[in-house]
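**Student:** From Swiss-Prot, for reference:
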- 1-15: topological domain 'Mitochondrial matrix' (TOPO_DOM)
- 16-34: transmembrane segment (TRANSMEM)
- 35-40: topological domain 'Mitochondrial intermembrane' (TOPO_DOM)
- 41-66: transmembrane segment (TRANSMEM)
- 67-72: topological domain 'Mitochondrial matrix' (TOPO_DOM)
- 73-105: transmembrane segment (TRANSMEM)
- 106-128: topological domain 'Mitochondrial intermembrane' (TOPO_DOM)
- 129-152: transmembrane segment (TRANSMEM)
- 156-183: transmembrane segment (TRANSMEM)
- 184-190: topological domain 'Mitochondrial intermembrane' (TOPO_DOM)
- 191-223: transmembrane segment (TRANSMEM)
- 224-232: topological domain 'Mitochondrial matrix' (TOPO_DOM)
- 233-256: transmembrane segment (TRANSMEM)
- 257-261: topological domain 'Mitochondrial intermembrane' (TOPO_DOM)
Amino acid sequence: MTNQLHPFHMTNPSPWPLTGATAALLMTSGLIMWFHYNSSQLIMLGLLIMLLTLTQWWRDIVRESTFQGHHTPSVQNNLRYGMILFITSEILFFTGFFWAFYHSSLSPTAELGNIWPPTGITPLNPFEVPLLNTAVLLASGVTITWAHHSLMEGNRPQTLQALTLTIILGTYFTILQAMEYFEASFTIADSIYGSTFFVATGFHGLHVIIGSTFLIVCLMRQLKYHFTSHHHFGFEAAAWYWHFVDVIWLFLYLSIYWWGS
């Protein structure tokens, strides 16, 4: 075995970026097939490959960090920069949706009846389910912070309790959002209002599901004693992502649900 004269982790060749890219292609192509031809086989295949890719890629990262000790302080620092850049790109992603919403709502066209919400659209009451969803997500932000501080203090029981509670709140949010979609009086095809509403809130809902999955992985790792009070970047990244999801929801609630109604 050769001596390593630097603190960085040189990864071995991995198939997971290729399978992940293949899954992304199948999912986007499958979405088109689902929308236009009512066929969901391709998107389901893409989701299956993506799930298998995530499972095995996470397994490899856990193996490299927890059991082989490759995640040195320098590597962890680079992972932090990577997560910050990723969240920045996500902020810009949602900026596009807010831009589309405000572009359409601040100067509604004649086709919309020169009013916002457009003629024939009955918006959702912002003080019913959306307000409950806001309270649920804000509460989950408190519980994930509780879990983080408990982990840093070495309080394992409270870390597990708080993390479990956060996952339950995230799942509850997803259920409420799904119920809201089924009960809405308009669809994604109902003018620019329906398009901006369902695309913006739908992508946020997808991010909540991704964040919940992230937290479930962290819970499983915590149960297996993978995290210590000083070495837990996987959990830290999940907490950052969850706070990002919280903040985006506040902007969505104030813009689309409250002001936009």
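Each Cβ is built from the backbone N, Cα and C atoms, and glycine gets one as well.
Values in this document were obtained by computation on a predicted structure and should not be read as measured data.
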**Student:** Of the stretches 41-66, 73-105, 191-223, 233-256, which racks up the most C-beta pairs under 8 Å with the transmembrane segment (156-183)?
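**Tutor:** So the stretch in question is 191-223.
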**Student:** Counting only CB pairs under 8 A, let me know which of 129-152, 191-223, 233-256 has the most with the transmembrane segment (73-105).
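**Tutor:** If we count Cβ pairs closer than 8 Å to the transmembrane segment (73-105), 233-256 scores highest.
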**Student:** Over the topological domain 'Mitochondrial matrix' (67-72), work out the mean pLDDT and round it to an integer.
**Tutor:** 75
**Student:** For the topological domain 'Mitochondrial matrix' (67-72), give me same-chain residues lying six or more residues beyond its boundaries with a C-beta closer than 8 angstroms to one of its C-beta atoms, as numbers and ranges.
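**Tutor:** Same-chain contacts beyond the ends: 7-9, 79, 231, 233.
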**Student:** Count, for each of 41-66, 191-223, 233-256, the Cβ pairs lying under 8 Å from the transmembrane segment (129-152), and report the range with the highest count.
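**Tutor:** That would be 233-256.
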**Student:** Quick check on the topological domain 'Mitochondrial intermembrane' (257-261): DSSP residue counts for helix, strand, coil, in that order please.
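**Tutor:** Counting residues by DSSP class gives 3 helix, 0 strand, 2 coil.
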